[in-house]
């Protein structure tokens, strides 16, 4: 049974054009070709990336946060309450007015106290500023190094300047050592992102992020199996060209450097739009959709690769819409608190207003600074 499924999965007509077999891609005469088994190493490397990330965040990002004066805001803690906690965990974090009134009767608290409890409890679940800074620092470092390495891999290749060269001699194109390492590192990193996404800062586009990571892993893996390596290196370098700018903007946002953050974000928006909405669809996707048909009839792999490219492009359009809206706010001066949208909620009760005037609260917690930054 397993052998039958294995044979169907690696059926040559799924992966390769007509009249080409796996035997044609066996190493010979000093020429080395991509093999599926080459990518097995990416899974243990992904876990190694997680270890390196932990060390980086502990010994590099944390001291850097201190140098940039990234400070945590002391949060008021919600008083332990079994009734409210059960509703919070099992039903919703944002109760409606009818729920608030019902919880008020069950818990013995006033309506205002219930509303305040939920605000504080939601704030407790929000990731700390230091955690966000450390994550952004790690991604910034990787994306910057990956972009520089990617450009070094492709800038001296003829297909970087003439996209028709991507398919010259395909699929009998030998693999270069630089391509092997570029693929291995990129795929390992995206595996590590997928493994850690549940524990990372959860953003509003959480579902889109999962789709992006899965689509990227499938694209990288498939392009390797089908020997689409030249196109794959171009696509990976193109994506890395803007990501490090976004992460650096986040870092400066968390450090409170508003003008620097806003200026970098505008540059990021411009690079993102040019690379993802112009170069990718009108150059790279044109290259993967049109040029191969001059050499061989369309086959399953051709359709599959380009469908995955369309999935990525759809995500780019979604993110571009959000990015343009944010860039407009920066340019017009309407963006309050910097990059992102996860603003902490504040307490406005008379009790806390009085506490703000008279000093620490009676429960021992200092009053919050209500001028919280927006975060991603």
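Placed from the backbone N, Cα and C atoms, the Cβ positions cover glycine too.
For reference, TrEMBL has these:
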- 39-56: transmembrane segment (TRANSMEM)
- 67-128: domain 'Homeobox' (DOMAIN)
- 69-129: DNA-binding region (DNA_BIND)
- 131-332: domain 'TLC' (DOMAIN)
- 140-160: transmembrane segment (TRANSMEM)
- 210-229: transmembrane segment (TRANSMEM)
- 264-284: transmembrane segment (TRANSMEM)
- 304-324: transmembrane segment (TRANSMEM)
- 337-376: region 'Disordered' (REGION)
- 344-354: compositional bias 'Acidic residues' (COMPBIAS)
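The residues of the DNA-binding region (69-129), classed with DSSP into helix (H, G, I), strand (E, B) and coil, number 36 helix, 0 strand, 25 coil. Long-range contacts of the transmembrane segment (264-284) within the same chain, counting only residues at least 6 positions beyond its ends with a Cβ under 8 Å from a Cβ of the stretch, are 163, 231, 234-235, 238-239, 241-242, 245-246, 248-249, 252, 313, 316-317, 319-320, 323-324, 326-327, 330-331, 339. Within the chain, the transmembrane segment (210-229) has long-range Cβ neighbours (under 8 A, six or more residues past its boundaries) at 15-16, 25, 33-34, 36, 38-39, 170-171, 173, 175, 179, 183, 186-187, 190-191, 193-194, 197, 235-236, 239, 288, 301, 304-305, 308-309, 311-312, 315. Within the model, the domain 'Homeobox' (67-128) carries an average pLDDT of 84.
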